[in-house]
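Here's the structure, in structure tokens; my notes come after.
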């Protein structure tokens, strides 16, 4: 693969003919061949490796999707033309470039708008939309853990926690989510004295026992897929009485921690109801203005239908999701179809 320019394949890889995307005709219901779908991408090297896997590239090429790397050393206006821009670059400079470009080229679909993404770059604002949902139905209740934002002065944390009425233990997370591994580092504080050992700015969330299982809900447009991941073990009274200090936690919810085939108690393994996830996905797509994200969700131990959302991530590791190459390429083609129909209807 070239660093910049159209995605290419090694010489020993199978050649696949490009098939133009076929869109339905409003006149006769048949298929209309259109020009290829050009997707420009601006991703980190790590994201390119994990997301643009050979199986995705081959399938995209079969479906008439051309993937072109955006060269950040050249003006964006001099590149393309693009139908879609796919990106996950967090710098303010890039965000401004993209906003300026989209203002000049509103016909280009940006996945996703920088102004929408920035709400997920801060764990204080990240869960605000969820808190405002007040979402409860026959299928379950959606909650967020009680939390406290600490900007500075670690010595003030014990007093702030007491005033907020938070219950130990507390999960400490960096306030800013910037795509680095550090922004995903978690700690668990067991006692009040250890709170002053934490390093602000951070968010403190009450720990909710959940049977050691986390549900990772992937959302690609209107498509939803949920997988199980091993998470943090439950904390009992013995743990609270016999543990002090701050414990650095291993990275949880990664693909290596898959629990989809583990031998679990049925009440622990049961996935959240599909109607609940569909409603949640629909609500968050609208409120966040995003189409590519995932939700980390847990079910409170001892309950059947009380769920907590503990994190939301923009453009997560879709490459870990089973069958992601089919889901994502279908999503891109559907975007093109929707745009085509809108143009024909004069919208």
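Backbone N, Cα and C define each Cβ position, glycine as well.
The domain 'Inositol-tetrakisphosphate 1-kinase N-terminal' feature in TrEMBL is assigned to 38-117. The 1D-myo-inositol 1,3,4-trisphosphate binding site annotation in TrEMBL covers 47, 88, 184, 216, 313, 317. The domain 'Inositol 1,3,4-trisphosphate 5/6-kinase ATP-grasp' feature in TrEMBL is assigned to 139-333. Annotated Mg(2+) 1 binding site per TrEMBL: 296, 311, in sequence order. The Mg(2+) 2 binding site annotation in TrEMBL covers 311, 313.
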Nearest-integer angstrom distance between the alpha carbons (Cα) of residue 184 (1D-myo-inositol 1,3,4-trisphosphate binding site) and residue 311 (Mg(2+) 1 binding site): 10
Between residue 311 (Mg(2+) 1 binding site) and residue 216 (1D-myo-inositol 1,3,4-trisphosphate binding site): CA-CA distance (Å): 10
PLDDT averaged over every residue in the domain 'Inositol-tetrakisphosphate 1-kinase N-terminal' (38-117): 94
Between residue 317 (1D-myo-inositol 1,3,4-trisphosphate binding site) and residue 296 (Mg(2+) 1 binding site), the C-alpha gap once rounded to whole angstrom: 13
Cα-Cα distance maximum in Å, computed over every pair in 47, 88, 184, 216, 313, 317 that the record assigns to 1D-myo-inositol 1,3,4-trisphosphate: 20
Cβ packing number for residue 216 (1D-myo-inositol 1,3,4-trisphosphate binding site), 10 Å threshold: 25
Residue 88 (1D-myo-inositol 1,3,4-trisphosphate binding site) CB neighbourhood, other CB atoms within 10 A: 21
Rounded Cα separation (Å) that holds between residue 296 (Mg(2+) 1 binding site) and residue 88 (1D-myo-inositol 1,3,4-trisphosphate binding site): 19
Cβ neighbours of residue 47 (1D-myo-inositol 1,3,4-trisphosphate binding site) where a neighbour is any other Cβ within 10 Å: 20
Under 8 Å by Cβ from residue 311 (Mg(2+) 1 binding site), counting only residues of that chain that are 6 or more apart: 123, 126, 295, 296
For residue 313 (1D-myo-inositol 1,3,4-trisphosphate binding site): intrachain residues, at least 6 apart, with Cβ closer than 8 Å: 120, 177, 293, 294, 296
The domain 'Inositol-tetrakisphosphate 1-kinase N-terminal' (38-117), counted residue by residue under DSSP: helix, strand, coil: 36 helix, 17 strand, 27 coil
Cβ atoms near residue 317 (1D-myo-inositol 1,3,4-trisphosphate binding site) (within 10 Å, other residues, all chains): 17
